[in-house]
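Here is the structure we will look at.
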Amino acid sequence: SSLSPKSLNHSDNSAGKVNQLMLSEDDDDPSFTQPSTSQVQRGLEKLSAAQVDQKTAEVVQYFLVKDQKKIPIRRADLVKHVLKEYRSIYPEIMKRAARTFDQVFGLKLIEIDTKNHMYILINKLETAEGAPPINPSNPKMALLFVILSVIFMKGGVVKENVIWNTLKKLRVDPADKHEEFGDVKKVLTDEFVRQRYLEYVRIPHTEPVEHEFHWGQRADLEVSKAKILEFIGQLHEQDPQSWIQQYREAHSSSTSAQPNNSSQR
């Protein structure tokens with residue numbers, strides 16, 4: 001099954017601004033259209049194998065560096081900054097890069113946003129084994145895991161004041177600068193949103209304005225709900241099956257088909 005993530009283009013202004021920010025770095029190159037198979041073939045005939053390998057290596061390097069920030073990588077930036085005059089063989093380069101990520105790094109290259117052509121790398125082993133890529137030594141990832149757990153246990157949508165109150169109970173006050181997380185509110189409403197771990201959505205017709213949090217596309221792809229439930233069970237010393245609805249959702253989503261590599265579109 002091909003990846004068809006739910007759109008992040010909410011009608012509210014805040015999400016709109018976030019999307020605008022994400023797309024403003026370089027406007028999509030209107031002159032770029034996906035080359036046909038015959039155009040790719042003609043392009044390859046003009047290049048040596050060494051040239052194609054070199055360009056593939058540059059693309060792989062670009063992804064690995066950019067992926068450190070966990071912000072999706074846009075095709076427009078890739079074409080403009082890396083592929084340049086090799087744009088006519090774009091599909092071939094992406095196919096080879098995907099193969100390198102798969103075989104050498106154990107990573108899966110996924111087109112997370114097919115409308116704006118944005119890519120992310122996810123850890124194939126973690127996805128296959130259903131383990132969340134949460135590194136406890138990384139405080140921000142531990143914070144993210146807590147937030148995702150709260151959202152999941154409350155049915156997938158949580159008002160922001162619930163999140164702020166939960167954090168206060170953990171002695172993390174969003175109003176204060178935290179020694180490890182810095183500006184907690186900014187991390188949740190900006191950084192995690194741009195990385196696509198969270199969606200921060202304005203609730204219509206609220207005065208003063210209220211927002212709610214949802215899981216983002218990257219969280220859906222990378223984080224195992226079954227593992228979250230296991231974690232909650234240990235926390236409360238209860239069998240994960242005690243939460244019937246969540247247990248059902250966690251185990252239906254973990255058995256559903258893994259996202260396809262859609263880099264060859």
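The chain as shown is numbered from 1 upward.
Every residue, even glycine, has its Cβ placed from backbone N, Cα and C.
Heads up, TrEMBL stuff is auto-annotated, nobody curated it.
If you look up TrEMBL, you'll see 1-17, 31-40 marked as compositional bias 'Polar residues'. The compositional bias 'Low complexity' annotation in TrEMBL covers 252-265. Summarising the annotation, TrEMBL assigns domain 'MAGE' to 52-250. If you look up TrEMBL, you'll see 1-40, 245-265 marked as region 'Disordered'.
Mean pLDDT across the domain 'MAGE' (52-250) comes to 81 in this model. Sequence-distant contacts of the compositional bias 'Polar residues' (31-40) (same chain, at least 6 residues past either end, Cβ-Cβ under 8 Å): 75-76, 79, 87-92, 265. Across the compositional bias 'Polar residues' (31-40), DSSP classifies residues as 4 helix, 0 strand, 6 coil.
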